[in-house]
Amino acid sequence: MSERKVLNKYFPPDFDPSLIPRRRQPKNSQQVVRLMAPFSMRCNTCGEYIYKGKKFNARKETVEGEDYFGIKIFRFYIKCTLCSAEITFKTDPKNTDYAAEHGASRNFEPWREEKAVEEEDRLAKLEEEENNPMKALENRTVDSKREMDILDALQDIRARNARNERVGQSVDLLERLHMEEIETEEDRERKLAEEEDEKLVREVFAKVPAPAASSSSSTGASSGATPEVITVKRKAGADEPDLKSLLPDSARALLSVASTIGAPALKKKKVEGKNALGIKLKGKAKAKT
């Protein structure tokens, strides 16, 4: 395996390459090449269709006596995939394509026919203009009119696009202004609500200066000290609801029961609970002993 990958070969010191006889090949020799069908074709012998890109082992040779501005033309020999009939085609450097020569016919390609027709029309038009100056003038007039029509159509399209763009920008501007108005209204309402809340808080909690302290403390303090400020909660007015009215019915019932029983009863119940606990502990202790 290692010898198969060797790139350098050994040449003895007395090796002379000029002594090797040169192999003489015929002038128009053929060589086997691997290629794909350059176009779709149909075999003339059996009618089999050969699609473009079908791979073949072909024989290649140089066409004798044919060239295009010094460019050689090559011929290829392939065999039909169904009947093994010989098919030949050659290169076409003039049209940068291939041309079917023998054994098969090229499938119809409409774009090739259109190009050929256009080329024929162009040549016929040029020949007619050379022989008839009035026809040349008419053709130039028709061409200029066609160009003017095309420019007018393009100008209309540009104007329509610009108008649509302006309309779109105006609509976007109106929508943006409407959104800004909505945002400003929302901000104004939010600001008013915050001011009302702050006003209510200031009414509930008011800061007033503290009363004057004793003479000893006032003498010890510096004259430039700021007066102390305390926060005074606002007293509930007559229009505010009672605390009991805000409680649920069950809580109010419990409060009424507690007020009828009184504090001593609660205390007695608490003492009885301790006594009962102590009795239980004593009973457990007796049981252990």
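Cβ atoms here come from the backbone N, Cα and C positions, even for glycine.
Note that this is a predicted model, so its numbers are computed, not measured.
Checked against TrEMBL, the range among 129-148, 209-228 recorded as region 'Disordered' is 209-228.
If you draw a 10 Å sphere around the CB of Cys46 (Zn(2+) binding site), it holds 12 other CB atoms from the protein chains shown.
Most other Cβ atoms within 10 A: among the binding-site residues Cys80, Cys83, that distinction falls to Cys80.
Neighbours of the Zn(2+) site: apart from Cys43, Cys46, Cys80, Cys83, residues of the same chain with C-beta atoms within 8 angstroms of the site's C-beta centroid are Asn44, Thr45, Gly47, Glu48, Thr81, Leu82, Ser84, Ala85.
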